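**Student:** The domain 'ArnT-like N-terminal' annotation in TrEMBL covers 39-238. According to TrEMBL, the feature transmembrane segment maps to 16-35, 95-114, 120-140, 177-207, 219-241, 271-289, 309-327, 333-351, 363-384, 414-434, 441-458.
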Amino acid sequence: MVRSDLMTDLARGMRAWWVIGLLAALSALAGVFTLPPIDRDESRYAQATAQMLETGNYIEINYLDEPRNKKPVGIYWLQAAAVALTSDAGDRQIWAYRLPSVLGAILAALATFWAGQRLVGREAAFAGAALLATTVLLGIEGGIAKTDGVLVGVTTLAMAALANARSGDRPGWRTALLFWSAIGLGVLIKGPVAPMVAGVSVLTLVVWERKIAWLKPVLVWWGPILTGLIVLPWLISIQLATDGAFLRDALVGDLGPKLVSGHERHGGLPGYHLLVLPVLFFPATLFLIPGAGRMVSALRGDDDRLASAARFLIAWAVPTWVLFELLPTKLPHYVLPLYPALALAAGWGLVELGKAAHWQRLAGWALFAIGAGVFAIFLPYVFITYGNNASWDAIRLAQAGFEGGFQLGLDPYAAAWVFGSGALFLALSAATLTTDRLRPGVLALVFAVLSGLGWQVAARSGAFAEAYAVRLADQVRAARAYSETITGLSPEDIVTASSFTEPSLAFSLGSDTVLGTTEEVLAFAEGRDEPTMLVLDLSRDAELRADLRTEARSVYELRLEMIATEWRPEFSSPVPQEPPWMAADRLRGERLAWMRELGVCHHTLASGTNYARGTNTVLVILFTRCAPEDTPNDPQD
């Protein structure tokens, strides 16, 4: 048994709770204040929440002018409360919308510690909760404005209440209160997931053990009523407000397709979640195989308490995991509510590491090394690939007079931060493997936890945060900030129409943003006399892209000719000669006549990567109907 006075001290008293909560907070908060709004789900959730705050309608869920009848209202209410307390809907500060997810990740880690004390002992529970707090997937989901960070928190709380009911320590009514409240909140966050995890676990245990008496503390008559009181008032209200459309759209339009096919191109073969486990469960993978071995030994042993704990963890993780593997639609975060069970198994494996077979230690090292190796390649790749947003289209358009919009080369300060934090992550990972080999126990746990935090810092505060090419919405918002100079309107007052339709743009610019095709955007602008900002996505309009490429190439070649020949007029020529720069301007006027017809008074560009679609693009940004005296550049000059 790998124990130490330090481990005992760390796991003792309130200090353990504070340490676990702090680890979860640090892991989730990495990147919360620096990452831009992420496409597509996070930005849709945040935009729908912003519209709730703007309209005061907290029953219906809308994204721009369309109903969003997919998930229940719980996460929107939590985000709205967080924004109301810390920010303002008009400020569009994405970090405020992410705070409920941060709290959900903290709750998941603390509930894991509580459950673990009832199952595997305080030291193993502390180790497991600390490992869970710093796993890659929990940190990511705990730092973005979606449902899954909060979902794992309330689901783990429900499972911890079941573990407490099972402990035999005369649990009181508070255990039932926590369980049914957590189930109700889980339904309000993401529909059937929380009750499914708890229900499948209970059913598995009842069939396995052929005992039901341990459920008595939570089988109270008022439990389902409490859950109903949490869920039904809003559910009835939304059904009345939408004439029954919410449940129809949520069940038939969203949940149903996920059960029969790879919905929204998110399909995968059985084994998908197991395949990505070495990466997403890092760094807890180091102790997962020894933990699995410890559970098998407990099932074969004579200690009924340990065997009961092993059955509970297996019932929590395995049956629902199999269901998700069989589900045609697969996304990495689907199995997150099962990670606390795996983390407790890993913590159990750590404190009992002396009993692990040598092959189990080797397997743990291999899983850990796979995760570290993937990240060692992935971090520099992301930054080098997306650290600048230059493209040939952007360069050509810049030569043709479209100012701004792209950055050549990597920012040296950002590069130093990314590669420095990446090197620290690798050093911590190497130290983890070394200490686990030479001095297994608390020191290996410390380095494993630090390597998990190191990844969060290197990736989410470093490589992703400094990936300038993915900040298309930020670039457009920066261009809009110039509108006060050229139109006399504040950035918040100018209406934007865009054929770049990613939700991050709608969230960044506001609820009055108009999204559509190039033709729809141009038609919208033609019907307006007020100043308007147009954003045209060249990746979605081959004809416009070809037209602008030709125009840019022609102007650029004429300017090169002017420089190369050092053009001078020949006064003896009987035919008036046209200088190359006049020819360039004339050509631009002919090719971009539609810009003149729209009253374009200023144009610029943004360049980068639409990672949600997997395409590079240039966004042409046009301001129309400006005041006559305020025309900083003109498509004719």
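Just so it is clear, glycine is given a Cβ too, placed from its N, Cα and C backbone atoms.
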**Student:** Tell me whether the transmembrane segment (271-289) sits in contact with the transmembrane segment (363-384), defined here as at least 3 Cβ pairs under 8 Å among residues 6 or more apart in sequence.
**Tutor:** yes
**Student:** Which of 95-114, 219-241, 309-327, 441-458 has the most Cβ pairs closer than 8 Å to the transmembrane segment (177-207)?
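**Tutor:** Ranking 95-114, 219-241, 309-327, 441-458 by Cβ pairs under 8 Å to the transmembrane segment (177-207) puts 219-241 first.
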**Student:** How about the transmembrane segment (441-458) and the transmembrane segment (219-241): do they have 3 or more C-beta pairs under 8 A, pairs 6 or more apart in sequence?
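**Tutor:** No, the stretches stay apart by this measure.
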**Student:** Under 8 angstroms, Cβ to Cβ: which one of 95-114, 120-140, 309-327, 414-434 has the largest number of such pairs with the transmembrane segment (333-351)?
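**Tutor:** Result: 120-140.
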**Student:** Which one of these stretches, 16-35, 95-114, 219-241, 309-327, 414-434, has the most C-beta pairs shorter than 8 Å to the transmembrane segment (120-140)?
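**Tutor:** If we count Cβ pairs closer than 8 Å to the transmembrane segment (120-140), 16-35 scores highest.
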**Student:** Which sequence positions outside the transmembrane segment (414-434), separated from its termini by at least 6 residues, show Cβ-Cβ distances below 8 Å to it?
**Tutor:** 283, 286, 365, 368-369, 372, 375-376, 379-380, 383, 387, 444, 447-448, 450-451, 454-455, 457-458, 461-463, 466
**Student:** Excluding the flanking five residues on each side, which residues at least 6 beyond the ends of the transmembrane segment (309-327) place their CB within less than 8 Å of a CB in that stretch?
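**Tutor:** Distal contacts: 119-120, 159, 162-163, 166, 196-197, 200-202, 204-205, 208-209, 258-259, 270-274, 294-296, 298-299, 334-335, 337-338, 340-342, 344-345.
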**Student:** Within the domain 'ArnT-like N-terminal' (39-238) only, compute the mean pLDDT.
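**Tutor:** A mean pLDDT of 96 is what the model gives the domain 'ArnT-like N-terminal' (39-238).
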